[in-house]
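For reference, the structure discussed in these notes is given below.
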């Protein structure tokens, strides 16, 4: 077996048994499965007399035969989709491992991946997430695995971890049943002044310290003193140490849980090359925006320390707005999605190492210890995250702007959003959006940002809201929206970002540029739909009753 898959006989070499000194080796007979009768010959190989009958199936041990294996193949991946016990534990989507290593350089040559059917989505909008999961599991089988760290080699093919002369393998940890690695691969790094709620503590982290990984993380964070790439320290077997730390690398695809927009970055490419078994083509890596260029304070300190230092500037990607009702949404850093701060109140007090707040607005003193981000693998650090709308636990839509199916239904599309391939996220003004008809006024509580189609024309950014196109003349300009749709007047505001942010590259490709904001704004800047309501003609009796009601109300007010 390789994982949940029975390996075909033709893929296997004979199994040899040797004495304690490694000599006098002999091949064990193969096990062959037959139905009903036991023939006397299989492929011209005489069958051994040893056989075991089990119901209608007879297992026969055949003498050695030479099979070709899998020709012209560097690695065989056995894939299954079985709802196993491991699938039923927690929220496991898939799992993988290597099954066999070659003898010269220890490179994995076979592995397996099992995908849990109950957790796989067939929706089109989830396809990028599913593909990312498949690639993620393949990389585990190819080398990104705690069970393979001790077998990594340098560029000359020499082991990074010393081998035991009697076995040729690295030393084995008897308790964990994995081979021990040297500090040339993974090193323990202690932070003595790790800031938490109410003070400091000492924390020790496992860091991947192979040469290319060190180079890439230092370049990524702009931190020349960073020792290496931090590995996940939570999640138990199958997660801890076998992934990048979620707090530090959030949407890197090789973190322990998928949260949003996974990317395979240069850092993961560097690790695969540092195994000593592969050469990476970094042109295929995807830029990782999380933490890019934020320096050593971000990469080497707690999220509490980062929040304290950046509170008056920009704490992104971390945040401090409690997720509640009403929801206050924001935009992702690249305006690809509507996002929420995932800061929530937990049922139990968080472990001391994960308490990040001394004070929070509208939270009683002492209760701050219950508050943290919703993603435990990120050390409960709160950050801006994509999300989904659900109705009675059924997924309605997501918050990524590029998927047309995420556009709200017309009866709840209060801010007239429009999702699609040429849509981005834009902030709303500070006033809540309002819907007004001749009979009713609605103020929508959930607000803050939305996805809209945009155009780059005539040196300006144009944002399409409803059936109107609005021109942005300068950053921070508030587009006043008054549009009638299906008898409702929608009132709100959309904030213009800088033209260069949205249109700079597109204009450059066409030999154009963003105009300055020096030209005066036109007098009729915004379309202005007017809600016209016909007066209701009342009968004399209804008119008298209305006048009595008004008089009674006035009398009560005067009293």
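Backbone N, Cα and C atoms are what each Cβ position is placed from, and that goes for glycine too.
Annotation note: residue 137 (active site) sits in a helical segment as assigned by DSSP. Feature annotation from TrEMBL assigns active site to 137.
Of all the Cβ atoms in the protein chains shown, 25 others lie within 10 Å of the Cβ of residue 243 (Zn(2+) binding site). Taken residue by residue with DSSP, residue 243 (Zn(2+) binding site) is part of neither helix nor strand, so it is coil. What TrEMBL lists as Zn(2+) binding site is 136, 140, 243.
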Output, ordered by sequence, the same-chain residues six or more apart from residue 136 (Zn(2+) binding site) with a CB under 8 Å from its CB, or 'none'.
94, 253, 254, 262
Only counting partners 6 or more residues apart, tell me which same-chain residues put their Cβ under 8 Å from the Cβ of residue 140 (Zn(2+) binding site).
95, 96, 97, 111, 113, 242
Below 8 Å Cβ to Cβ and six or more residues apart, same chain only. Which residues does that give for residue 137 (active site)?
94, 95, 96, 113, 115
For the recorded Zn(2+) site, enumerate neighbouring residues of the same chain (Cβ within 8 Å of the Cβ centroid of 136, 140, 243, site residues themselves excluded), in sequence order.
96, 137, 139, 144, 242, 253, 254, 256
